[in-house]
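The feature compositional bias 'Basic residues' is assigned by TrEMBL to 1-20. Here TrEMBL flags 1-51, 329-349 as region 'Disordered'. TrEMBL lists 21-40 with the feature compositional bias 'Low complexity'. Annotation source TrEMBL lists domain 'Brix' at 58-247.
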Amino acid sequence: AAAKRKRGALSAGKAKRARRAPSAGEAAPEGGPRESGGPPQEYRIPPPVSQGKWKNKERVLIFSSRGINFRTRHLMQDLRTLMPHSKADTKMDRKDQLFVINEVCEMKNCNKCIFFEAKKKQDLYMWLSNTPQGPSAKFLVQNVHTLAELKMTGNCLRGSRPLLSFDPIFDREPHYALLKELFIQIFGTPQYHPKSQPFVDHVFTFTVTDERIWFRNYQIIEEDASLVEIGPRFVLNLIKIFQGSFGGPTLYENPHYQSPNMHRRLIRLSVAAKFREKQQVKEVQKIKKKGTKVLVEEDPTEVVFETPAEEKPVEIQLVKPESKPIVKDKKKLRKIQRKKQKKLFRTEG
């Protein structure tokens, strides 16, 4: 048995030597170098290595709850491809409390989290959190368009680092300043990350319009900074900012926020009010028809415009008119008329 192990060890050592690539100083003949009785060796080009040390070790966990639709799933996959420092996990059960996500992030060795929460199979909420201390922010996601849905002409390198562009209002308001720092730490790819490429060829823009944050992704196509949209795109409607991670004291609450349930309720009430108004108009018309008609008194001035008709003399016909022959056949009637016309011509002649 010992001899067998030795023989196996020798064969393994030979195989390792055969697989080893030649040094840089060796000259390789055409067709690849060959050893005596061994397979041809392969040359492999190493991937680009960033010249620097990876210090900012930000890792983002991107996952969702159960009950999301296909568009949310595609959006989540697009964010994972755009963010090389992200990690994935299985869907979380609806019955679990949100603070369990802190333990999941700790197991996955992540210090940031993007969590998509679906409710009623139609409303989508996004949580951005700095785990485990906080803060965290809850948004309502609207107008979602994914990469496959938009079919834009732009295209960026996979794993490249993005530029982050923010609206000037992010520096004026305190709650927007807090969100800006959260966006920078979550969406910004760390420098010298092992999975990232040392290129900057696209821009993430965060614009505040109509009390909402609009997210867009553009590719830098030329040196003069001309941009082409790639996608995905979505709108974030801020609900609350919490001091802790997925809970805690409320730091800010959006006064302009209206929940989807309230929005749908107002739409139903407006439709019901229109229907009720139509019914009331019909009832008023029925009452008017059933009501007694008021007779209008005669106007004495109407006689002024009446002009009496001219009196015609009464004509009394003394001779009985000739009876017309009743002929059912039209051809016979025509023949009779022709005969009468001929007689008239003869008498005149």
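Here the Cβ of each residue, glycine as well, is placed from N, Cα and C on the backbone.
Note that the coordinates shown come from a computational prediction; the quantities given were computed from them, not determined experimentally.
For the region 'Disordered' (329-349), the DSSP counts in helix, strand and coil order read 19 helix, 0 strand, 2 coil. In the predicted model, the domain 'Brix' (58-247) has a mean pLDDT of 92.
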